[in-house]
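Encoded as structure tokens, the structure appears first; notes follow it.
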Amino acid sequence: MIGKQHLLTYIYLLLYITLSSGVILYNKWFLSTRYFNFPYPITLTMIHMGFSGAVAFFLIRVVKVVSPIKMTFKIYMTCVVPISAFFASSLWFGNTAYLFISVAFIQMLKALMPVATFLVAVFCGTDVLRCDVFLNMVLISVGVAVSSYGEIHFNMTGTVYQVMGIVGEALRLVLTQVLLQNKGLTLNPVTTLYYIAPCSFVFLSIPWYILESPALEVSQIQFNFWIFFSNALAALALNISTFLVIGRTGAVTIRVAGVMKDWILIALSTVIFPESMITGLNITGYAIALCGVVVYNYLKMRDSRSAQPPSGIIPDKAVQDLKMEKSYDLYTPDDEDEKKKKSNVGRSGWNSSGPDSRVDEEAPLIPSLKSQLGKS
């Protein structure tokens, strides 16, 4: 029988795939001039950020379900502000692409995400340029190029917007690792929205004032509260479900779930939106790119496992982290004599030879942060 914890993990995965697919299809319907006809992606993104920030503020300052972390002005300006800027830009560009290209083609272009992340990481010095990874990036790029060539309704403007959104997301991921993780900051789902959502809202207000504010003033928009509210609520639920999945699963699981979500989206988009047609060349190119993505994930998992110490060895950083935890007593052979002199009450130490010391085969996707915001 499936254990309770495993069943809960499967429920979270199903919830993540459902919400992620639903939000993308909802945003396409919301922004498209053929359907709801609200062609203002910056406004929609600002609604999502404002709603998420307000809910996070209510949970932290009013209900006080969690406590805010110790955030200094220097950390906020050097870490939160640049991360929020790239996060806002990735959402802005990604949502704008819905106005020009189909959901299926957008998912195919998203196969370029490992390429952008790898190049940005090499540029920032967090990764090294290797021949095997580079050839794999070439394979992904060739697959996306073939898929783009087979696109019936190819639009350069929408493609450029989507690629810019991918680059912005890659910059955000790398900066999150460089700026936040290296400072030892850990953000839970609520605190992430609490700090990043308002800052992203401010950044989005600049292009909104220049590009969309004049159009909104003269256009006749029929405001439907329940549609706007449900869309913002779905985006918030997606953010939280992403955090829950990252917290309970490993990198392999979350990436496999992402691949499944992409295929589901491609199939559903062709059914829900008749104008979203795919060709055999689309599928061939995306299959080539997907093979590259699978190989890339395998290489990253192999590197992650090889970097982990043997089960009987505790690295210095792990020892320091364990000492910081108040709920565990670190057990080491050097302390055995001293522990025998003390009371045996509360002896719940961590034995390096016990079952808890086994190396997890699925390393966390973001080991110290676990706060990747889902794209709304």
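For all residues, glycine too, the Cβ spot is worked out from N, Cα and C.
Per TrEMBL, these features apply:
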| type | residues | note |
| --- | --- | --- |
| TRANSMEM | 7-26 | transmembrane segment |
| DOMAIN | 11-297 | domain 'Sugar phosphate transporter' |
| TRANSMEM | 38-63 | transmembrane segment |
| TRANSMEM | 75-93 | transmembrane segment |
| TRANSMEM | 99-121 | transmembrane segment |
| TRANSMEM | 133-154 | transmembrane segment |
| TRANSMEM | 160-180 | transmembrane segment |
| TRANSMEM | 192-211 | transmembrane segment |
| TRANSMEM | 223-245 | transmembrane segment |
| TRANSMEM | 252-273 | transmembrane segment |
| TRANSMEM | 279-299 | transmembrane segment |
| REGION | 329-376 | region 'Disordered' |
| COMPBIAS | 345-355 | compositional bias 'Polar residues' |
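If you look at the transmembrane segment (252-273) against the transmembrane segment (7-26), you find at least three C-beta pairs under 8 angstroms, all six or more positions apart, and that counts as contact. Counting Cβ pairs under 8 Å to the transmembrane segment (75-93), the top-ranked stretch among 7-26, 38-63, 99-121, 160-180, 192-211 is 160-180. The predicted model assigns the domain 'Sugar phosphate transporter' (11-297) a mean pLDDT of 86. Put simply, of 7-26, 38-63, 279-299, the stretch with the most CB pairs closer than 8 A to the transmembrane segment (192-211) is 38-63. Looking at 38-63, 99-121, 133-154, 279-299, the range that has the most CB pairs within less than 8 A of the transmembrane segment (7-26) turns out to be 99-121. Note on the transmembrane segment (99-121): residues 24-25, 28, 31-33, 39, 41, 127, 133, 137, 140-141, 143-144, 147-148, 151, 153-155, 157-159, 161-163, 166-167, 169-171, 173-174, 262, 265-266, 269-270, 273, 275-278, 282, 285-286, 289-290, 292-293, 296-297 of its chain, located 6 or more positions outside it, place their CB under 8 angstroms from a CB of the stretch.
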